[in-house]
Structures are given as structure tokens and as C-alpha cells.
Amino acid sequence: MCDEANPAKPWQLPDVVYGNGIPALCLLHQEIEQFYNYIRSTPTEFCLRAGAVRRIEDVVLSIWPSASVDLFGSFRTGLNLPDSDIDLVVYYKFWNPRLLHELQNELVSQGVTDPDTVTVLDKASVPVVKFTDLISRIRFDVTFNSVASGVQAADLIKDFIRHFPELPKLVMVLKQFLSLHGFNEVYNSGGVSSYALTLMVISFLQQHARSNRRLSEHSKLALLLIQFLDYYGRKFDFFKYGISVLGQGGCVEKARLRSTLGENNWQSVLCIEDPVTPTNDIGRSSYGVLGVMQGFGAAFVKLSKLVDSDSSKIVGPILANIVEVPQSIINYRAWVHYNFQHLLTPELPCADSLVQPSPTGSTSPSASASASEDERSGGPATIGFGRCDDPPQNIDIVADLANLKMN
């Protein structure tokens with residue numbers, strides 16, 4: 001059913017499948033699968049990113065030969081959108097704020113970036129050099145020494161991905177949703193970071209797993225997405241509870257987090273306990289979370305009405321009612337594939353191998369890179385975690401929807 005996608009919008013199912021009586025939840029489930037397969041990095045995009053990372057590492061080592069560079073964030077976990085930035089950390093024992101400007105100058109002098117795209121935030125809580133790589137047009141954030149926990153967090157996320165195969169598919173849809181509504185930037189709009197969103201999804205999946213509810217493999221992603229939007233958009237009390245993934249995960253009364261997060265941190269509206277550094281509240285800067293909550297609630301209403309409608313009257317994509325891919329992203333990906341397919345190699349590296357090992361000594365498997373249809377003639381390329389498909393279970397889709405309404 002997904003073999004012949006819409007050529008103009010490859011993340012959508014072919015028009016012919018709509019209006020044929022296929023249950024809406026089945027359609028939405030397949031649309032989420034299709035969207036995930038489309039939006040994640042292709043081998044060409046992965047190689048372009050890998051090359052950009054190595055260029056930055058070469059610049060760093062040309063300045064400080066004894067330094068080391070490590071990768072963290074969404075590119076390390078495989079949860080990056082096509083336009084996501086890349087997060088790097090430089091470990092150097094002779095730290096000084098001047099290093100930020102030294103790196104800035106060297107990146108410009110070696111032709112890696114344009115001076116107009118470089119920003120040095122030396123007064124930020126985590127000082128960072130932000131710039132755009134000229135060749136790939138990929139944005140970078142480079143920090144120094146202070147985010148070893150970021151590498152550990154990325155590896156922890158990969159462990160959760162192995163445990164919850166639905167996690168990356170839900171996260172990618174939700175990340176695109178936040179991006180479209182301008183809620184993905186913490187620094188500029190008080191939105192929800194990629195890490196915070198991922199922890200929210202993990203906590204939700206942990207609670208769902210404890211409920212022992214078995215969902216049909218043909219509609220699982222649709223039900224989980226709708227339930228997530230309902231939970232955080234209409235039911236979760238952000239003022240009373242914090243979010244945790246430690247142990248069995250779930251919601252924790254904020255008052256109970258006071259001892260670990262401190263007198264001030266635990267009072268943020270979006271309170272998320274950092275599983276790597278429990279004294280850190282991941283959501284403390286997300287002052288726009290109430291807007292995010294309203295967006296989730298509105299998306300729930302849209303999707304729930306559609307999946308509850310007569311399936312014979314569904315004439316187009318369901319997911320498109322809350323998620324779209326801007327033409328600028330489509331154009332960028334076309335540009336990448338036209339100009340950089342020569343970067344493909346028989347065996348793609350994993351993200352962890354792109355840079356020197358960090359002081360944490362992390363060696364866990366790396367992120368996934370996937371192939372677009374035109375690159376899969378030799379079979380899909382998989383890096384790190386693979387897909388985990390459980391055997392189909394004989395659960396009635398209608399019963400799944402009925403249970404959703406009851407909850």
C-alpha cells in the first residue's frame with residue numbers, strides 16, 4: 001500500500017488508497033511509517049553530515065592538537081530532521097573563553113564558514129560557537145568541555161530506541177510538528193528542545209507499557225500519536241507534575257523533585273528530570289510550553305475527528321492535517337542528492353566513529369541512516385539500531401479506537 005507514494009509528496013500514501021474503506025487508524029499508522037522513512041537521513045545526507053563533522057574536527061585539531069571532539073544531540077541518536085543542526089563538544093584541558101573566538105577566527109580563515117554566519121555566545125550558561133558550514137549549509141553548535149552529559153544522554157536515548165521501536169517514528173513526526181509551529185527553539189521562543197520532547201515521548205511510552213494494553217500492529221503508531229497529543233495537550237497537569245524517565249518513568253509531583261532539582265528549578269512550568277544529571281531540569285527554559293500544550297490539544301481534536309469519521313469518505317492524507325514538509329526542505333534535500341551522491345561509500349560509518357572518543361569512553365551503537373527510494377536498489381542502509389517488528393497480534397482496530405475514547 002505504501003509502494004507507490006505520491007511523487008510530489010513522498011511522505012504521503014498514494015491517493016488510490018483513500019476512500020476504499022480502509023480504517024482511518026490503519027491509514028494514519030502507514031502515513032506515520034511513510035513519513036518516518038521519508039524524513040530520516042538518507043545515506044547521501046548522512047555522508048554529507050559526516051564530512052561536515054570531520055571538517056570541523058580538522059579545524060579544531062589544527063588549533064589544539066591535544067584536544068578531542070565528540071558528537072551529541074539528534075545526529076548522534078539518528079533523530080535529526082533534514083535541517084537539524086549538529087552539536088559538537090570540544091574537550092580541551094586549557095579552557096579559556098578566548099578559545100571560542102579562536103575557533104571562530106580559524107573557521108573563517110580556513111573557509112569552513114562565512115563570517116556573517118558565525119555567532120559567539122560567550123556569556124551563555126553554556127558558551128557556544130554557532131555557525132553554518134559553507135559546503136553543506138548545515139548549522140553547527142560547538143561547545144567546550146561542559147556537556148559530557150550530552151554525549152551520555154544521546155547514548156541513553158539510543159538505549160530507549162532499542163527498547164521502544166515506536167519512539168523514533170513518533171519523535172520525528174512531533175519534531176516536525178513543533179518546527180512548523182515555531183515551538184522547537186528554546187533560545188528564541190521558549191519552545192521545547194529535541195531532548196525534552198524525546199523524554200516526554202519516552203515517559204509516555206513507559207506509562208503505556210505499564211498499562212499492558214496490546215495495540216494492533218496495523219494501527220499502533222496512529223493510536224500512540226493520538227494518545228500522546230491527548231495526554232500532553234489536554235490531560236497532563238504541567239503545574240502540578242514533572243516528567244521523569246528514571247526507573248519506570250511517569251509523572252512525579254513537583255514538590256517531590258525539590259530535593260534534587262533545587263528550590264528554584266522545580267517550579268518551571270515544563271519540569272523534566274534529566275536522567276543523566278538529575279539535578280538538571282531540562283524544561284526550565286521552555287517558557288512557551290503552554291502554547292505547545294494548546295498545539296498538541298488542537299492536533300488531537302483534528303486527528304481524533306478524522307479517525308472517527310466514515311473511512312469511505314476520507315479523500316486525502318490524515319497526517320497532513322497536522323504535519324507538512326516545507327518546500328524549502330524538499331528543495332534542500334533535492335540539492336543535496338544532486339550535488340553530493342558521490343560521497344556515498346560501500347560501507348557507511350556510524351555517527352560515533354566520526355570523531356575522536358570523548359573522555360566518557362562511550363562506545364555504544366550509533367544512529368540510523370536510511371535510504372530514499374532511489375538509493376535502496378542495493379537494500380536499505382542501516383546504521384546502529386535497526387527496526388524491531390513484533391509479530392502481528394489479532395486485536396480489533398475498532399476496539400482500539402473504542403478504548404481510546406474511553407480513556
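Backbone N, Cα and C define each Cβ position, glycine as well.
According to Swiss-Prot, the feature Mg(2+) binding site maps to D85, D87, an assignment based on similarity to another entry. Around D87 (Mg(2+) binding site), the C-beta neighbours below 8 angstroms that are at least 6 residues distant in the chain are L71, F72, G73, S74, F75, R76, F140, D141, T143, G150.
Summarising model confidence by region, the domain 'PAP-associated' (221-280) averages a pLDDT of 86. Sequence annotations record features per position, and here Swiss-Prot assigns domain 'PAP-associated' to 221-280.
For 354-390, the entry in Swiss-Prot reads region 'Disordered'.
If you look up Swiss-Prot, you'll see 357-371 marked as compositional bias 'Low complexity'.
D87 (Mg(2+) binding site) carries a strand DSSP state (E or B).
For the domain 'PAP-associated' (221-280), residue counts in helix, strand and coil come to 27 helix, 10 strand, 23 coil, using DSSP.
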